[in-house]
Amino acid sequence: MSHNIDPTPAARGGVTPHEDENSSAVTPELSEIIGEVRFGKMKLMPGLRVESAIDKQLVDGHVQVGPEGIEGDEHDYTFHGGPEKAIHAYYSGHYPLWQAEYPLAANRFIPGGFGENLVLSTLSERNVCIGDIYSVGPPGTSSTPGGIPSEHSPTSLLLQVSLPRQPCFKLNHRFQLKNFAPTTYKLSRTGWYFRVLRIGLVDKGYEIRLIERKHPRWTIERIQEYLHRQVGDIAMNEELSKIPELGTESRGVFLRRVEKQRIKERKERAKAAGGGDEKKDEKWRDYKIVEKKSETETGRIMSFVLEAVNPLKAEEVGQEAVDLDEGAHVKLKLPNGLVRAYSIAGGTDKNRFQLGVAYDKEAEEGAKKSRGGSRYLHLQAKVGDVIKVGAVTAGVPIVSAASNHVFVVGGIGITAFLALAEAYKKINYNFSLHYAVRSEKDVPFRERLMKLNQGCDGEETAKNMIIYDKSKGQRLDIAKIVDTLPWNSQLYFCGPKRMMDAALSITSEPKRQIGQKDVHFEAFEAEVGGDPFEAVVTNRVENKGEDGKEVPVVVSVGEEETLLEKLQERFGEEEVASSCCVGNCGTCVVRLVSGQVDHRGSALTKEETSSQMLSCVSRGIGRIAIEI
């Protein structure tokens, strides 16, 4: 069931963030009686191999609160817990709204549903400000407004508002609602965290009272306005980055945005001055091969570690430009003139990363497995060689809203997903990897793969990864995997064409009800040939004819040529960017103005193909018109 919930301030139950910015949102006399106190133990979530303490139970009697929260309350420290997330509070008035908006899940929207420690009926995201300090104690004994403790409460619990909650996929699973988590911050109904300034006791019926307000302009709701909704407001990002009481998780977001903006402005000034940072934006950079080794007993798959000759520096280009995303692609311009795209199998950052390359000497002659890049790297490239490397671009999308991630891989396709699977394991996401190989001797990155099934102590604790050995008659059954998917799963496929065709056919069957966004296809080979066609580039003109009249540029694409190749040949690689060159990433997309297209690749949805095409693999039929 889809739900169109109005995300406006009125629907959230508050005022617009720009109203009355210079005054306190509430009276300093703000206080209430705590409705419930809850704590939880880590346990497996239903249907997953992931543990969580979101299912919190009522505390019977007063309980001690230390620097990391309520005594006995456990956390998955990947995303929750720690001094800045010691206690989670939630406004109980949100639950009736959720019940009305999601009637089929109404019985799950009850106090404690969000995994909160404190259930409150007055304090909310609309009247709680970042940095607020609250005293907690029996009614009549807590500190008075202004921060002056009463004579009865020299050791009352002191809490400070530190962060808005950043919801994760566990809320989707908890309420059995796909993609529910983003709705919570769009509506500012996430709850918030306290840090503990002074340890003490808490109990149901204790009073929580505001004693100091440092930032009256910055309610939790208003912070979320700029954290999630108006992300491009430079002045607000700057202001929020300077609030010391704002926890690292959110403050870091604003600091990175400010850094990015400053670097952008510096580049623009340098460009206007006629030089400077432009040289740092060269499309092709020199990398040295610092390691080359066989990853399999058969020698069919080799790994290469590339290191930048002149490393990118975060202080010059920004941390975002240096960080390496899992599942990224990169292009190599080899000394023999070939340009080839590869998935990055791992690395520390964009200055040093690893590739895995397959080359089958025996099969090459008849099957045309290699177009030359793999052959060159296997047979000619050596440690110490310097090769040109293009921009590192995003590849596999990270679907954080899914409860479960299922990778189905064949052969060298493991390079597309290995780093992502490792990242999911590190942050305790539920995943499984089904890996088909020719034989046990043909398994690359064996040590890294085996660690996917290991716990912190090195012992095998889970079957996250299953290998299917073709030489032993073991068969990877895509239909069975798809038909036994857990609820809210994201599928990922990468392998030889035959496997990818089968995966597309099986996941497209209406009876399985798998949406386009629920599956990602990462091809490492693509069928690009076909009948010749012409493309009219309507937003690029040239002088043609005796009268010198400008007419649109027309490019002709031959049987074994791609539209991308012809566009780059005519206009240059800067005008028509590309990355994977097999239809995975969408970097090379161009606007389709008119004409019929044989759409190939997986980067576009069915709706998007009506107005766009992937120039690296898709082909026009006859004559088409495009824009670049």
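Backbone N, Cα and C atoms are what each Cβ position is placed from, and that goes for glycine too.
All annotation found in TrEMBL is predicted automatically rather than curated by experts.
Which of 1-27, 55-81, 541-567, 595-621 counts as region 'Disordered' depends on TrEMBL, and there it is 1-27.
Looking only at the domain '2Fe-2S ferredoxin-type' (539-628), the predicted model's pLDDT averages out at 86. Each residue of the domain '2Fe-2S ferredoxin-type' (539-628) gets a DSSP state, and the totals for helix, strand and coil are 12 helix, 35 strand, 43 coil.
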